[in-house]
Amino acid sequence: MVLSIRSQIIIGVVSSILLTSTILAIAYILMWFNGHMTLTLTLTTIITSCLTLLICSIFINPLIQKIKQFNIKTKQFANGNYASNDKTFNSPKEIYELNQSFNKMASEITQQMNQIKSEQQEKTELIQNLAHDLKTPLASIISYSEGLRDGIITKDHEIKESYDILIKQANRLSTLFDDMTHIITLNTGKTYPPELIQLDQLLVSILQPYEQRIKHENRTLEVNFCNEIDAFYQYRTPLERILTNLLDNALKFSNVGSRIDINISENEDQDTIDIAISDEGIGIIPELQERIFERTFRVENSRNTKTGGSGLGLYIANELAQQNNAKISVSSDIDVGTTMTVTLHKLDITS
């Protein structure tokens, strides 16, 4: 049986009275005291003990009430009520310190619970928005497959080129699923080896799968090298993915028949390269230009509800850039267009 504080105090006081009375009775039997003195001492002990019990009750009642309130608070928290409780216990010191420790623990648990809920929601939205990055390679595979099936593509070099594109897009899908797994599981520690990159050849391989779409949509796409750029070392796989996602974004949020420019320049120190992809699309309002790289930010918030999709492509591009010695910046004007610039730092493999 668990006794309350009040019961324990009463038992203690009663036990003290009984013990004292027993000692006085023994003293009387042994004739250490006469009857009158023994009675006086016994009554004095009882009265003093009762007064002690009364005084203790006066001081102990507020403490008991605080303990009861604290108990209610812990039960509410245990039942999942994580709402902040500003109830303050200033005294006694032990109760105050216990309350402070509990509040700190409760705050940390609440933050962790909120973080877990947020991460679960983000992962759910991430899976729901997976179609965003699947559309372009799947559309390319379907388009070239139908062209081969229907006999639209007949020349030998066109057939070979179509097969090359199909293989490339299938590989891109495989890479996409790898990256999706990386995002869902947070950090997998995946790294890429540095490779020697000839930028013009890299851009040709990236732009080739878009050739039919650009012709079909009557678009103009121009690549401009502001200066001659020698081969340099960078992480080829993530760089291809970054540029592909940015190009997908430019095509998606600009009108058919519009122009897309890719401008490449090298800084004077020849240690960084800027690749700017500009469209004549709908633009992004300034206050949302930073948020477009967030994992769960939906692009229709800042652009057009008719476009659908999500900001997953930009999120992946930005994450890959940060992890692989690059940076993406954005500038945009509403109804004028958007420019996404990838700044690459050349890798010094000798160090």
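Glycine is no exception: its Cβ is also placed from the backbone N, Cα and C atoms.
The following features are taken from Swiss-Prot:
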- 61-114: domain 'HAMP' (DOMAIN)
- 129-348: domain 'Histidine kinase' (DOMAIN)
- His132: phosphohistidine (MOD_RES)
- 9-29: transmembrane segment (TRANSMEM)
- 40-60: transmembrane segment (TRANSMEM)
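As a summary of secondary structure, the domain 'HAMP' (61-114) carries 40 helix, 0 strand, 14 coil according to DSSP. Averaged across the domain 'HAMP' (61-114), the predicted model reaches a pLDDT of 78.
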